[in-house]
Every structure is written in structure tokens, then in C-alpha cells.
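Annotated features in Swiss-Prot:
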- Lys109, Lys149, Glu184, Glu185, Phe186, Ile187, Glu192, Asn268, Glu269: ATP binding site (BINDING)
- 113-298: domain 'ATP-grasp' (DOMAIN)
Amino acid sequence: MNAIAVSPVQHVGVIGGGQLAWMLAPAAQQLGMSLHVQTPNDHDPAVAIADQTVLAAVADAAATAKLAQACDVITFENEFVDLPALTELEETGVRFRPRPAAIASLLDKLDQRQLLTRLGLPTPRFLAIAAATATESELTALGFPVVLKQRRHGYDGKGTQVLRSLAELQQALQSYGDTPLLLEEFIPFEQELAVMVARSQSGAIATFPVVQTHQQNQVCRWVVAPAAIPGALQKAVAAIARTLVETVDYVGVAGIELFQQGDRLWVNEIAPRTHNSGHYSLDACQTSQFEQQLRAIADLPLGSTALQWPGALMVNLLGFEDHQSGYAELRQQLAALPGACLYWYGKTESKPGRKLGHITLPLSGASSTERAQQAQTMLAQVEAIWPNPDTAHQP
């Protein structure tokens, strides 16, 4: 945590009440800010830490107008919002950070791809399709395997499929009805990367270390910071992040996911909010992504994003069964691991693949090779306590 400045913003509204809003709480308290949350369920994680809660769907603009009455500024925990309605609210004086205009090209994956293309940034080839009318020539245009995505409202593996033949693709399309879809070229990457970037109202920019991420069933399983990539690639990733937030006049923290193959990069997706790949920063960086989010939207000086440890491993604690349990014994065992920083989101129901919490562990190795070996050892220790959803029920 940085030295505390007096913030001109005292009351922050957050649209969305999941764990990303919940993790804003310690930084908000340190910065002297109150948090007001709009979320549909009274058992959502952020309700427990909110100074005030508006119980309503995140796309309910009337509820957002009510939220705004108590807030100096409103930010976002997720992107499932009604953008035209928010734009109308902004015209009445409601202050959103980032502004609706800044996220307009980031909510729809087709708009993201078109933005990247206009900016000359590396992106997989893509094609917008409709399930009911797509022709065979369209479906085969990008070859196979191919990635099929919902253009909106897909997250944590929902709405994303890797398909290996025309028959598989045609079968998958039958379940989408008239949902707007995107076909993308499959990139045979060496590793997946991510970076968090913050931009303040005054235009200051800070990028966090580039990290390696590992996805399991399209859901982030673990993150290693920093990524073992050459300095030139680190600079290229930071340049991409800077270009994106400057171009759309973005204020706040955003996450950018990329593919890496040799010395080449492709932007996978852009998340206009704090992001799972940045959770390690809560303990491993001088400033967490959550403190940085609050600093950016309040136009306070951005904090240092430097690592406080040589490296870090963050492991998501994904649900491995349908159950209603707090898993107290397992959490106690995880917390006893050397250097462990454990976060439990307080969700009332476990489902396979659902994010229930995360654990961050320090890596002390002086080289990327040593840190990679440590990370594998620590991952095995975590999975000996908390089952991997893919192997939890194997004999």
C-alpha cells in the first residue's frame, strides 16, 4: 500500500458485486473511500463490505441512477451493462469512470477485433457470423481448429469453444439461436500472457508486470509473475496496452490477454475492469490492481507496480463439486503453506469450475527457470489440498 493521499472522491459506486468489487474494500478503506454496490443478490461477495447496496441487475439503469445519488463516481466490476442507458445517465451528470464512450468498443468482441485492426495491433483473423444464416464457405474460411465465441456476455469459459472440424462447428451452432457470434483463427501459442494497465483521468499510465496465465476449460487456473519472456516482448506488450487505453481515453484499470508464439504476439481479449490475471498484485506488487483502480478513477497519483518479491504464483480455487460448503478445513491447510496469502470470496454455493477464492505464493528463485520449477512444486502442493476440477473425480 502506498502513502495515503486525501482523495477528492469520497464515495465510489461499483456496478457489480462479485469478488472483483469485494477486493476493492481494503484499498478503499485506506484511501478513505466508501463503496456503494449495485448487484442482484444479497449474498454476492461485495455486499458484505459495501457501505450501501442497491439490489438490482447490473444492467438496470434506474437502479444505477439511484446508486449515483450517493456516489461521486461510478466504476464497473463487469461489462454486462446497458451502455445506451448509461450514456443517457451520463448526460444528466452522472460520472462514470471509465466513461461509457471509452468502453463502447470493448464490450463486444467483434468491436474489440475491429478496434485492434484499425490500430494495426496484432489480432487473430476473425469473422462475424450468425448461426442461422452462416454459409459453409464462411464457416471454413479460417480453417480448423477454429474458435467460436459469443460476442457479448461470455466469461470464464462460457461462450467460448475450440472446434476442430466443420461438423463440430455446425453442431455447436445449433445451441446459439440468434446470439451474435464471432469466429476466430486458432493460434497455436507457446504460452498465454496477460498485463494489467492503469490510466488516470489526467492521462498518467502505469503497466503491471507481464504474467503467464494457464487456462483450463477456458477458465484461468493459475498465473505466474513475471512471465519468462525477453525484454523486447515485455516492452511490446506494454506498448500495446498503452496504445489501447490512450486511444479510447480509458480511465481505470484494464486487463489485456495475449498469445505468444516465438517473438510474435496476438491480442486475445480486453477486459475493461480489474481482472483475474492481476490478483497476484494484492500481495506481490507495491500497488495492487484494486488500489490502482481507485487511484485512477479518483485521479490520485498512480502507485508503483513493481514486484515486492522475485516472483509469485497465483492459483484459482475452482469449485470441484456441486456443494454448499465453506471448506474450512481445506482453507486452513492452504493457509498453512509457506508464505501463503489466501482469499476466500464467501460464495454460498460451489459448482465445478466456479471461482471460490485464490491463493498467492511467493517465488524466491533468482532466475525464471528456478521460479518456474518452484511454481510447479507449489502448484502440486496446492492441488494436493484443493483438487483440480478436472481430476477431482478420477479413480
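Just so you know, glycine gets a Cβ as well, placed from its N, Cα and C.
Sequence features annotated in Swiss-Prot and their locations in the structure.
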residue : record           : contacts (Cβ under 8 Å, 6+ apart)
Lys109  : ATP binding site : Lys149, Gln150, Arg151, Arg152, Gly154, Leu182, Glu269
Glu184  : ATP binding site : Arg113, Pro124, Arg125, Phe126, Leu127, Leu142, Val146, Val147, Leu148, Lys149
Phe186  : ATP binding site : Pro124, Leu142, Gly143, Phe144, Pro145, Val146, Val147, Val162
Glu192  : ATP binding site : Gln212, Thr213, His214, Gln215, Glu257, Leu258, Phe259, Gln260, Asn268
| query | Counting across all protein chains shown, how many other Cβ atoms sit within 10 Å of the Cβ of Glu269 (ATP binding site)? | reply | 18
| Considering all pairs of residues in Lys109, Lys149, Glu184, Glu185, Phe186, Ile187, Glu192, Asn268, Glu269, annotated in the record as contacting ATP, what is the maximal C-alpha distance expressed in whole angstrom? | 18
